[in-house]
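What follows is one structure encoded as structure tokens, with my remarks underneath.
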Amino acid sequence: EDSTDKFKIRYARGQAESKTFARYASSLRNIIPVRSFKRRDGNYSTKVDESGLFSFITYSWIFSYLWAAFKGRVNENQTWNCSMYDSSTINSTRIEYLWKLELEQNPTKPSLFKVVWIFIKTRVIMASIVFFFCLIFGFIGPTCFVRGLISYAEQPPMMGEMPNFSLGLILVLSLLLVELARVLSYGATWAISYRTGIRLRGALLTFLYKKLINAKSLGKRTSSEIVNIYANDGQRLFDAVTFAPLVAIGPLVIIGGIIHLLFVIGPWSLLGILIFLVFDAFQFVLGKTMTRFRASAIKKTEKRINLMGEIIRCIRLIKMNAWEESFKNTIEEMRRNEKIDLRTAGYAQSLAIASGPVVPVVAAVFTFMGVILSDGDLLASEAFSAITVFFVMLFGIRMIPYGSRYCAEAYVALQRIKEIILMPEYEIAFPAPGDPSLAIDFHNATFTWRENACKLELIMILYILYLIPFYVQKELIGVCGPVGSGKTALLNSLLGHVAYVAQTPWIQNLSVQANILFGLPMNTSRYYRVITACELSKDLETMKAGDQTEVGERGVTLSGGQKARIALARALFANRQIYLLDNILASLDTRVGDRVFRTCIKEMLGNKTVLMVSNDPKRLSNCDRVVFMDSKRIVGFETHENLLNECEAYALFCNQISSAGNFTNHGKYWRKLCIHNEENFGFTVVRWPIYKKYIRAAGGYLIWTILLLAFVINVASSIFSTAWLSHWLKNGHTSRLVNANSEIVFETTSLAESDSLSYFVSIYALSLLFLFASGFLKALIFVKVSLNAASHLHSQMVNSIIKATVQFFDTTPSGRILNRFSKDMDEIDVKLPFTTEVFLQNAFICLGYLIMIAWVFPVFLIACIPLSIIFGLFVFCFRAGITCLKRSENISRSPLFDHITSSMDGLQTIHALGQTEHFIETLKTNLDFNSSAIFMYQSAVRWLAVWLDLLVVFVTFVVSLLIVLLTGSVEPADAGMALAFAIQMSGIFQFAVRAQAELEGKMTSVERVSYYCDHVESEGEWEFVIVCLSLIFSEPNYFCRLRYRLNLPLALDGITLRIEPKEKIGIIGRTGSGKSSLCNVLYRMYPLTWGSILIDGINIAHIGLHRLRRGMAIIPQDPALFAGTLRFNLDPTNEFNDDQLWNALEKTCLKDMVSSLEHKLDFNITEGGRNLSVGEKQLICMARAILRRVRIVILDEATANLDSVTDHLVQKCLHEAFSECTVLLIAHRLENVLGMEKILFMEQGKCVEFEKIAKLLSDKDSRFRALLGQKKALEFLSKQGESNKTEDDGSGSNTSSPVHLYPALNENGNSGKGSPETSEFEKISGCKATTNTSGDISDLEIIGDDTIDIE
């Protein structure tokens, strides 16, 4: 495989650098008329490469796939790989070479458009030449042979003479040949253009990814914005390239038409040409309008998708704070603004489509009326030949606005891509070492981060000596300092060929093993050494698939500690000489952290250079030297002991930290979820319920009936104009007997001399007005209907997603969800309406033409029988394959988008471990799979178009043959009308059927969106019970259980406890003991398997989710911030004023930092808070919780990433801010829980101990006492005794009502323990509410009973 890639690169460079004709050898092989195909072990990628000329231009090479799909034999083993010549490897290498040349020639203003043109020009020119011949063949037919056949019908043989069939048959065969040539050359044009578009798309998107993966920073660009470029801009580039030949050559047919019409009709034909020019100007205005509003809509779409990406990423935060409605309204408002532009662009597009078939009719009406009203005459051969030429001219003109729109959108896309390509790349300099014994050396320097980020001033500049990796100084360097002091910034400045473990672990949606190997080859002995050192062995034992277990997107199935240890294992397996560890041990239990520190850092990395960020003096004391940072500066760099003696700030910093205890290392629990890596894949056609849902979303059957009626009226008006002309030509000429030179002869008067001239002209003019009116009405109705459908589907999907359970987000990659909101909604917004309108318009036109042909030649109905059979075979047998390919294209996008999103999140880790090439190769694989699906789908649709065009050529042949055979029996005007309709149908018929196939393909987007609308499990109702919250757990012998999925261990197993109002509870236990699971069930993020949870005697299953969650506040372990201002992140719902915001910032020690910022509360935070440290993000989350003023507060290891000084200040402010609240504090540091009133010790989902701290520490058998240590237990009891003595001399005790965990409620809604009389609320809810003296509901209870099953 490696040798194949090297060959591709060499081939691409040769193609780029070659100036000889030999570089076209692979493409010229397709000129050979017939070539044999060699099967290559199920690899069908070379079919198009080895196809002959006929197979290439008729797309016959794909027939075997379509037939296999029809027979149901297409399976995952029959993979059609991307052709080597279309692969991203070859084409990206070539475009990179061209871009390099452009940079050398124009370093200041390089032109990506110029590079793209050089890349595609040869193939575009070739496609344009082929299309030019297509237009010539299409022009010869109506100008020569159609006119000749109608003239042949106008001169029937005299009575008694035999018809001259030979002349007629020659005309018929000639027309057949030129029509066949036109169809085949048109197919060849698209065959060339499709491969050109696929190559350009693959080249640019791969080149773009290389720039992204090597970028120093994404700056203000979000991952959602990048995904949008891949989802939509890539398709716009493909469309622009495929339509380029039509735009370039289309105007030439207009010139030819003008010349012919001047010759046949005379000067009055210029009036018809003027109509075309007016139409062209009108189309230009419509095109400009469409482009302007589409560009505006695209910008709004990007903002909407970016926000949707933020919502998906922070969905837990949003749900826990009950912000769903606010964010949903924001999305809906953005969608309404987007809809305004889409509506205007839709009107312009619909008018452009509607005016297309009208223009030839209008031009013919004005031209013929001018000829007749100027006392001229008009024959059927002249009239219908002119009409056919007008339609040929229309084909050339109508492609211009479509192609121009695609080209304009592609140009905008190129500008966006160019901005990213010009971003500075991540470069590492490896200068020669000054001292061979050192790995890192420092001198004076200043590091400046990107805009809106902090400036890091160091008293050192850095040299990473990569040239001597085996002669590094073997030191363990500790890095510490307050929040925001620059610790992470320092490590970022060191990133290079080192192993880096970020403070927030980055995990891919792969197996555990794949996350650890990270693209490196397996080294079994080292792999298992790393597993053991990182304490992952017991974790893997609990996983059903071991190290092959999928961990989900961002590692959602793992706890924070597991993610940290897997990230550390990945770094250890990389076996680098320099390791940068950014506070990675903070999220580990103390005992596990100690073991990992000993086995990983001290032993496995004992001969490496390690920079480890940590705020734990115990670990800093075990470092060789310590870097102490403050205010973005390094203020100390010495051993731990020397810093304590010489640096007062460091000594103060260390004194704030207390010793930590140890947790047991048994009872590991792993929360397994079913990760859906593939979407549902079907080979059947889109089912009728999907169409029905789209119809209902648009307004129902009535509105669609009105819409179809508008299409019928519009098409009937157009056909009536041509039919009326035929009637006029038949009856407008009157014949009479006259005496000429003593001979009686027939004299035929001209149309201008007819007595009924005013009658015919009036009807002709009125048909024109009716045509305009019906077209405008149709456009108005259609745009409203299609936009209503799109908006309703989007609204339903947003509502469904925002209400979805967290399990859905845990098991569904965010790229797949964003794919629905980006690519699928773009299809429904823009492409589906366009395809639907084209299909309906052309289908009704074809039906009308066939009716008119059968009316002129009833015997034509006999020929329709075999034609209908062949048509049915093509459409109904092979549409399954086309729909299958469209689904394959849709499915292939999700892995591509997931990979891009994951890559953008883990740039630092990818850079540090030097795995950019591995990720680029993965991108190429995913992109080639997607490109192959796109190319095959487009080719299958074009295959159908070519063969349907050949079918219509047969219709033209039959009609022309009937004209010859029935000469004298059919009026020339009727014969001309029928032949004109047959010629016009040759393009329209295949366009209609192809549009139908594309419509079904694009309906798969409706199918995918519909699935998310109807089949995503929803949470409970948001609002229906009002409660006031405080917290209680109590009563033994009753318990609640939680199991995340069937056949999995219990996450909570028999919890029973009691918490008094306003109590402060410290929750401890090793990773996976059930601490976070307890929070999840309190928030109803997951349903209980057994038992129930009561809030003040009210079952929380009977409480609206928003009512429940608004009464609680949580500060999560992983801080989540939105892209936006600091003000928005503190108060997304805009409930609080500035004074309240500043007060919350002051309580969390952020006031001074925010005050120093230029924009203060309007300081811009990038996506995910990339321009803030993890500690700063955590403090912002705390300020957010303080603002809410709730009765229950949960801190889920919220201070794990804070330094000791900040942690001490925050703990103090939290005690003050939440003094009137019930607090649940989950913590690893025992000094934090020592300030609580009670300790809840959890293990394996069970409550091991739950009692007041003093009582636990007095119990010699207490697990908590053993964890803390006897000495510290005695110290604490001594201090507690002094405190209690002071309290006894002071005020009385708390008079708040107690909180209980009751047994299951009886039928009267109480516990059966003498509860008061049942209230009206209790009768309705079936629950008992305990109130305090003020009448407020005051208690929260958790109970369980085996007889209760809540799912």
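Cβ coordinates come from backbone N, Cα and C, glycine included.
Quick look at what TrEMBL annotates:
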type	residues	note
TRANSMEM	52-70	transmembrane segment
TRANSMEM	124-150	transmembrane segment
DOMAIN	127-401	domain 'ABC transmembrane type-1'
TRANSMEM	170-192	transmembrane segment
TRANSMEM	240-262	transmembrane segment
TRANSMEM	268-286	transmembrane segment
TRANSMEM	344-372	transmembrane segment
TRANSMEM	378-397	transmembrane segment
DOMAIN	440-656	domain 'ABC transporter'
TRANSMEM	701-725	transmembrane segment
DOMAIN	706-1001	domain 'ABC transmembrane type-1'
TRANSMEM	759-783	transmembrane segment
TRANSMEM	830-851	transmembrane segment
TRANSMEM	857-878	transmembrane segment
TRANSMEM	944-969	transmembrane segment
DOMAIN	1026-1269	domain 'ABC transporter'
REGION	1280-1338	region 'Disordered'
| message | When you look at the transmembrane segment (857-878) alongside the transmembrane segment (344-372), do they share 3+ Cβ pairs under 8 Å, ignoring any pair fewer than 6 residues apart in sequence? | response | no
| said: With contact taken as 3 or more Cβ pairs under 8 angstroms (pairs 6 or more apart in sequence), are the transmembrane segment (378-397) and the transmembrane segment (944-969) in contact? | reply: no
| query | Taking 52-70, 701-725, 830-851 as candidates, which has the most Cβ pairs under 8 Å with the transmembrane segment (944-969)? | reply | 52-70
| task | Rank 52-70, 701-725, 830-851 by Cβ pairs under 8 Å to the transmembrane segment (857-878) and hand me the top one. | result | 52-70
| query | Are there residues at least 6 beyond the ends of the transmembrane segment (701-725) whose Cβ is under 8 Å from a Cβ of it, and what are they? | reply | 354, 357-358, 361, 364-365, 368, 383, 387, 695, 760, 763-764, 767-768, 770-771, 774-775, 777-778, 781-782, 785, 840-841, 844-845, 848-849, 852, 973, 977, 980-981
| task | Please average pLDDT over the domain 'ABC transporter' (440-656) for the predicted structure. | result | 71
